[in-house]
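Marked as transmembrane segment by TrEMBL: 36-64, 76-100, 106-125, 176-194, 200-225.
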């Protein structure tokens, strides 16, 4: 592991990415966090009443991470709304239909995987959308000048970012089993499950991620268009 982190840092330095420190910190944090969460999960998976608060904590961290990465920490509640609208319905469908048993051993990994990818989808959309808005100030003003409403112009400008945010998961879903063998599949196999059970678990996770990301990005786009989910600089620039 140390060699792999060193390799990543070496190429970061050689290519002048400026990410060597961030890469090393991320690796160390990953080790410490996984060690800590492993000890917690051993207890939490045995009781649903312990698993639920852990899932809420994981969601809060995901919201904070995405809000910070997108520069909207002062609008974190809108980030939570967008991500919650994506994650909650998927979990309800998965457990209410019996696709997975409602217990700690199922809730924690399913909510963690889908929630993590929901965070990724939101971050990809928001960063791309905000960059788009910063670079297209003249188009925004032109739209207002011809009589369009503020939300109409913002919707038009951020629309390409919605598709871009969903492309990685769509590609992963299309190539699963051919290019990638994702974690849920490998986890079930290593846990003694059959290949058929592993495949079913992975499909459940993949389509859950697809649904959660699509809903999250759609809600986030609406919030951006309503000027609710914007960083401070854009709130000042994009006035009605």
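The backbone N, Cα and C atoms fix where each Cβ goes, glycine too.
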Highest-contact recorded stretch vs the transmembrane segment (36-64), from 76-100, 106-125, 200-225, CB pairs under 8 Å: 106-125
Long-range environment of the transmembrane segment (76-100) - Cβ separation under 8 angstroms, sequence gap at least 6: 59, 62-64, 66-67, 70, 106-107, 110-111, 114-115, 118-119, 121-122, 126, 204, 208, 211-217, 219-220, 223, 228-229
